[in-house]
Every structure is written in C-alpha cells, then in structure tokens.
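Peer 1: Dumping what Swiss-Prot says about this protein:
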type	residues	note
MOD_RES	Ser32	phosphoserine
MOD_RES	Ser49	phosphoserine
COMPBIAS	49-64	compositional bias 'Polar residues'
REGION	49-87	region 'Disordered'
MOD_RES	Ser88	phosphoserine
DOMAIN	89-373	domain 'Protein kinase'
BINDING	Leu95, Gly96, Glu97, Gly98, Ser99, Tyr100, Ala101, Thr102, Val103, Lys118	ATP binding site
ACT_SITE	Asp210	active site, proton acceptor
REGION	403-423	region 'Disordered'
COMPBIAS	410-423	compositional bias 'Polar residues'
Amino acid sequence: MSTRNCQGMDSVIKPLDTIPEDKKVRVQRTQSTFDPFEKPTNQVKRVHSENNACINFKTSSTGKESPKVRRHSSPSSPTSPKFGKADSYEKLEKLGEGSYATVYKGKSKVNGKLVALKVIRLQEEEGTPFTAIREASLLKGLKHANIVLLHDIIHTKETLTLVFEYVHTDLCQYMDKHPGGLHPDNVKLFLFQLLRGLSYIHQRYILHRDLKPQNLLISDTGELKLADFGLARAKSVPSHTYSNEVVTLWYRPPDVLLGSTEYSTCLDMWGVGCIFVEMIQGVAAFPGMKDIQDQLERIFLVLGTPNEDTWPGVHSLPHFKPERFTLYSSKNLRQAWNKLSYVNHAEDLASKLLQCSPKNRLSAQAALSHEYFSDLPPRLWELTDMSSIFTVPNVRLQPEAGESMRAFGKNNSYGKSLSNSKH
C-alpha cells in the first residue's frame, strides 16, 4: 500500500530523484520595481466557456516574471492586528520547513487569535522568491470561505512573512488519521467545498496548479480551505511558458506528464478527481513509484492508452511515443476503485473528472451541479462567497470510522446520517 508524505511545507515541488536534472524546478529569485500588490491596469477580457468547458490560459511571449515585493499595509480594524508590524505576533512552535520558508504556529498580540506564520528567508543578492510574491499577490485579492485567509504581509530586510489564519490540520493528515476511506457524507462535503473554492478562483482566471491533500486545510469544524498558492498563476501575470513540473506526480494530469504547457483550469480538475477517489477509496488513485513513465502507465491501466481517436492531438505532445506504452483498454472506474460503487453517482462524477483529454474534463462550476450532490440542501448553492457551508442547518461532518464505507452500504443517502454529529 502506498503511503503519503504529509510533512511537506514547500510551495515549490520537491523534485523526485527520478526526474532528470534538466527537468527539475528551480526557485527563481528576482528584483525589479514592479509592485505585485498594485491592481493590474489592463482589463482581462472575460472568457465565456461553453457547456462544461474549462477556461484556457494563454501565455505571454514577451513578459518576464521579475517583480520585487514592497512592504504592504492593509487597513486594520479594531479586532485586527496592526498590519505590517513583526512585533504584532508571537511565534509558538515550528510546524514545518521547506526549501525557502519555515511555517510557525503563532498568536496575534493584539487580539490573541492563532495564526500561521510563513517566514520566507531573503538573501540580499538574490532578492525575493517569486513564488512568495505570486502567493502573496494572488491571495491578497481572494476572499472566500474555502480559501485560506491572508491576514498580513510583513517585509523586513531578512524575511518576508505571510500571516495566515491558523487551520489545525490538512486533508492528508485527516486521511491518515482515518484510513480505509472517509465517511461518504464527509467526502461529499469536502469535495463540495473544494469545488466551491476552485470555481471562485477559476472565474478569476487563476489556476492553483498544485492540488494535493497536503494543500487542502481542514478546520476543526470541517471547513476545507485551499492553501499554498506558491505555484498559482493568474492570467494577468505574464510569463514565457508554464513549467510542466508543477504538480506533485500522483496528482499530475497526463497532458502535463506528456509535456503539454497549454494549461487551462482543466489542470486543476484532474487533481480534484484524484483527490475524490482517494477520499473514497482510502488510497491514492495513481501512486506512481518510479518516474513519469510509471505514472502514465498507472493512469493508462485504468483509463486506457490514448490515441488520436480518444484524445485528438495526443500524438503531437512532446513526450508521447506510442511504442513506449503498453496498450491498455479502458475500464469502469469501479473495477479499479470498488468503493465508488457504494455511493450514488460517485463513479460517474469521477469518470468526468478523470479524463485524459483535458478538454473533456468537467469544470468546477459544472461539477457543483452534478447529480452526486443532488441530496445536499439547496441553500448550499445560494451562499455568499464568505459564508461557510456549515452555516446551513443540518450540514455537519459525521463521525469517521475505519469501516465507515462498508457500514454505509450502497443504498444510504446523505440525509439519513445528518442527525448524528460529532460537532
């Protein structure tokens, strides 16, 4: 059985040893006079997607990623910390450390609330890591119940500190604590929240690009929050091309594995499908153990080896060589992950997310309207962006148990177990 590593705190993917040296991700640190916190002056033309289509993102042929962080202060309120002051917070304990940042549990000295302090180390000759600039500039404008809240930005000579709301665990740790698959009601609520957050950022032309259980925070009330936007990309931020080494291997879509750099919001939707299956089945959907070739073989074993009929354009992708891959026929997903058959409409939704051809993947907005969610309270679709789903009566997490999926059975519905709650 494959195991997860829930300890990673990096915004940048730690390259696998099997990835060639020339393909590994490098952290770019640059300086210029550009202010990433200023609202872009150019207007982004709204993209109208047809049917369930994802939104395509075009890259710039001339733009360069070279901003420099300036100290930024936001208006404070009587219950908020004084923004921009390092002495407003107390470090309590280290939560994790990555290649360029250390994350601490902290506390506001002004209001006593717990926070997460992401302390990014700066080197004068190298400037500020662009991943940190990207994360701060994007999160500053995102206000949604299912996206981690950025409270404050503190810039000193030695460090850049991003102050986030404190959320006590993540989905990776949650699944490790409850092995064997999560309670199906909880899977549904987690997935609904994930899609809410993604729909919000996708409508604002932002890709997350690093969806994995470690980057989905879970509060003690069951709120799921998208976090770690270090690899996120906004259409208004110019770049030459997107790196094809941006998503942890297990959650990386086949088009990216095959070298495509023509990204759309469909990139994130593959990760949603992988996480959905993992929550239900209790194991990663495609736990590659060797390299990109092995990862693709695991995908094709279930979904079938693609060709021009099933995936138009696949032969033009840089790394697609038909002779490299075993010829597999596609299967019903329940043959690979039997617990999908225990929950009404789960297999159908998973099959529409896990499409090799990115153009065939369901968008986040369309997925929210899938029949899988039909037994949820209608008020969930009427919530404002900042409203938690748990403000709706009778919406709450259920107790987890190792055998929850077996006890649940095939014929139970979401509403039958709402009355029994651990909260």
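Note: Cβ is positioned from N, Cα and C throughout, glycine not excepted.
Since this is a predicted model, take the numbers as computed values, not measurements.
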Peer 1: Using Ser88 (phosphoserine) as the reference point, find which of the binding-site residues Leu95, Glu97, Val103 has the shortest Cα-to-Cα distance to it.
Peer 2: Val103
Peer 1: Around Ser88 (phosphoserine), how many other C-beta atoms are within 10 angstroms of its C-beta?
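Peer 2: If we count other Cβ atoms within 10 Å of Ser88 (phosphoserine), we arrive at 22.
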Peer 1: Mean pLDDT for the domain 'Protein kinase' (89-373), rounded to an integer?
Peer 2: 89
Peer 1: In whole Å, how far is the residue listed as 'active site, proton acceptor' from Val103 (ATP binding site) when you measure between their Cα atoms?
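Peer 2: Between the Cα atoms of Val103 (ATP binding site) and the residue listed as 'active site, proton acceptor', the distance comes to 18 Å.
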Peer 1: Determine the most Cβ-crowded residue among the recorded positions Glu97, Asp210, using a 10 Å radius around each Cβ and all protein chains in the structure.
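Peer 2: Result of the Cβ crowding comparison: Asp210.
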Peer 1: Other than its own, how many Cβ atoms are within 10 Å of the Cβ belonging to Val103 (ATP binding site)?
Peer 2: 17
Peer 1: Given the ATP binding site residues Leu95, Gly96, Glu97, Gly98, Ser99, Tyr100, Ala101, Thr102, Val103, Lys118 in the record, what is the largest Cα to Cα distance, rounded to whole Å?
Peer 2: 14
Peer 1: Between the Cα atoms of Asp210 (active site, proton acceptor) and Ser99 (ATP binding site), find the distance and write it as a whole number of Å.
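Peer 2: Asp210 (active site, proton acceptor) and Ser99 (ATP binding site) have their Cα atoms 16 Å apart.
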Peer 1: What is the number of other Cβ atoms found within 10 Å of the Cβ of Ser99 (ATP binding site)?
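Peer 2: I get 16 for this one.
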Peer 1: Pick the one among the binding-site residues Leu95, Ala101 whose Cβ has the fewest other Cβ atoms within 10 Å in this structure.
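Peer 2: With the binding-site residues Leu95, Ala101, fewest surrounding Cβ atoms within 10 Å: Leu95.
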